[in-house]
Amino acid sequence: MPGSLPLNAEACWPKDVGIVALEIYFPSQYVDQAELEKYDGVDAGKYTIGLGQARMGFCTDREDINSLCLTVVQKLMERHSLSYDCIGRLEVGTETIIDKSKSVKSNLMQLFEESGNTDIEGIDTTNACYGGTAAVFNAVNWVESSSWDGRYALVVAGDIAIYATGNARPTGGVGAVALLIGPNAPLIFDRGLRGTHMQHAYDFYKPDMLSEYPVVDGKLSIQCYLSALDRCYSVYRKKIRAQWQKEGKDKDFTLNDFGFMIFHSPYCKLVQKSLARMFLNDFLNDQNRDKNSIYSGLEAFGDVKLEDTYFDRDVEKAFMKASSELFNQKTKASLLVSNQNGNMYTSSVYGSLASVLAQYSPQQLAGKRVGVFSYGSGLAATLYSLKVTQDATPGSALDKITASLCDLKSRLDSRTCVAPDVFAENMKLREDTHHLANYIPQCSIDSLFEGTWYLVRVDEKHRRTYARRPFTNDHSLDEGMGLVHSNTATEHIPSPAKKVPRLPATSAESESAVISNGEH
């Protein structure tokens with residue numbers, strides 16, 4: 001019967017498929033949002049309070065989507081001492097398009113050349129900020145399919161989020177996240193628990209192939225985001241209730257059943273409103289809400305219709321106040337990267353996940369269910385969940401993934417603050433040069449973090465060449481931004497059961513390596 005699974009299907013799947021490791025990269029400089037308010041001549045607090053943003057990361061003409069992804073992939077491989085031959089699938093989610101034919105993934109294959117591993121499935125996936133999640137789902141589906149050969153899948157989500165001068169510019173940011181997907185993971189995907197909503201909308205789109213800037217309908221974009229959240233949460237609740245009923249539990253799912261709830265974050269204030277929105281959904285879905293003390297003071301809103309409340313300030317204010325404690329418990333910590341670095345488009349929601357893992361101990365995380373809402377304009381959205389393993393012992397997979405992110409706040413703090421006029425000059429430089437051929441970037445590489453890949457030149461045929469900023473000292477990534485040689489014989493994360501011969505380990509590539517995507 002269509003839609004049914006055989007009784008023994010569970011035995012066919014690899015155990016505990018999920019996120020084995022996570023690496024995040026953001027540029028080495030940022031602009032302070034309070035200073036940007038002054039520079040833009042707007043009221044104090046418009047960006048810092050109204051949007052909830054403190055700092056915004058940005059990159060110079062030395063970085064593009066290829067270099068961002070090269071950096072985050074190599075850092076993940078080095079930090080965990082993984083061999084490049086243990087990757088069997090590599091997919092990139094991005095909306096930062098610099099070539100309408102050649103994928104970012106194909107550029108990343110340069111990192112795999114020394115290993116000799118070219119047997120790697122996957123390409124790029126694009127739909128605004130949703131591409132990273134689509135790539136994650138494809139990776140999970142591959143590991144759970146007959147195509148799986150026993151190796152890891154690697155997902156890269158990355159973007160450069162920049163806007164023309166005006167109200168939208170302070171909602172920008174830059175970043176990339178790499179996710180290692182495989183079995184026996186500390187963060188396990190809840191099978192069968194995805195609530196998805198797809199719809200045609202012109203809320204945010206990029207029709208001008210010569211511009212990095214989007215066309216944005218701000219009001220429609222907020223409505224689309226919140227309505228998609230309503231739809232996805234409704235579907236998710238129905239699916240988990242059906243699962244619970246099969247297990248003999250007769251109860252409705254609410255926000256309290258999530259240990260953490262993270263969101264795609266265009267700006268932090270929208271996330272706080274979104275958590276309140278889910279609380280409103282719980283309120284309207286509760287047949288006994290008049291008897292539930294958590295809804296005390298909200299009785300006047302019992303007859304509202306969701307579709308009439310997107311811009312109802314009374315509803316918004318009341319439910320943000322009523323859900324403030326839930327927000328502090330389940331969501332606030334996830335906004336570290338968003339608040340300090342800004343919107344990273346496809347990698348935004350996974351930056352939120354990194355923020356949670358960086359600020360809680362394995363013992364605090366163990367056994368929790370993490371709700372994840374991913375949204376991409378146009379539109380595509382899914383609410384799904386991860387279940388954190390119960391094993392929080394020293395040396396466990398959960399202990400390793402949290403330890404690998406313990407330097408996140410110090411990395412954010414180590415960046416350089418740049419004056420708003422310098423930020424504006426960099427934006428103008430990108431605007432004038434990002435599409436040029438026969439171009440040598442003008443900005444210095446000295447401001448880049450050590451180990452960052454950067455653009456060396458674009459030749460007359462638009463072929464791009466990259467190099468990696470060398471390390472001044474050979475010290476571990478666990479101690480800061482130093483080098484751990486890739487392709488070492490001993491992996492910190494055990495590879496899945498190999499179904500293919502393992503290629504010999506190769507030496508780490510030279511710090512002065514230069515790679516290109518074309519012959520010169």
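Note: Cβ is positioned from N, Cα and C throughout, glycine not excepted.
Summarising the annotation, Swiss-Prot assigns active site, proton donor/acceptor to Glu95, His264 and lists sequence analysis as the type of evidence. Positions annotated as active site, acyl-thioester intermediate by Swiss-Prot: Cys129. Residues or ranges marked as (3S)-3-hydroxy-3-methylglutaryl-CoA binding site by Swiss-Prot: Asp43, Ala44, Cys129, Asn167, Thr171, Ser221, His264, Lys273, Asn343, Ser377. Feature annotation from Swiss-Prot assigns CoA binding site to Ala44, Gly45, Lys46, Asn167, Ser221, Lys269, Lys273. Swiss-Prot lists 507-520 with the feature compositional bias 'Polar residues'. The phosphoserine annotation in Swiss-Prot covers Ser4, Ser495, Ser516. According to Swiss-Prot, the feature N6-acetyllysine maps to Lys46, Lys273. Annotation comment: Swiss-Prot describes 488-520 as region 'Disordered'.
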C-alpha spacing of Asp43 ((3S)-3-hydroxy-3-methylglutaryl-CoA binding site) relative to Asn167 (CoA binding site), in angstrom
12
Cα nearest Gly45 (CoA binding site) among recorded positions (Glu95, Thr171, His264) -> Thr171
For the recorded positions listed here (Asp43, Glu95), which one has the lowest count of neighbouring CB atoms within 10 Å of its own CB?
Asp43
Spatial neighbour of Asn343 ((3S)-3-hydroxy-3-methylglutaryl-CoA binding site) that is closest, considering only the recorded positions Lys46, Cys129, Lys273 and their CA atoms
Cys129
Shortest C-alpha distance to Lys269 (CoA binding site) - which of the recorded positions Asp43, Glu95, Cys129, Thr171:
Thr171
Around the Cβ of Gly45 (CoA binding site), other Cβ atoms within 10 Å, all chains included, total 12
Within a 10 Å radius around the Cβ, which one of these recorded positions has the most neighbouring Cβ atoms: His264, Lys273?
His264
For Ser221 (CoA binding site), the number of neighbouring Cβ atoms whose distance to its own Cβ is within 10 Å equals 21
Most isolated by CB count within 10 A, of the binding-site residues Asn167, Asn343, is Asn167
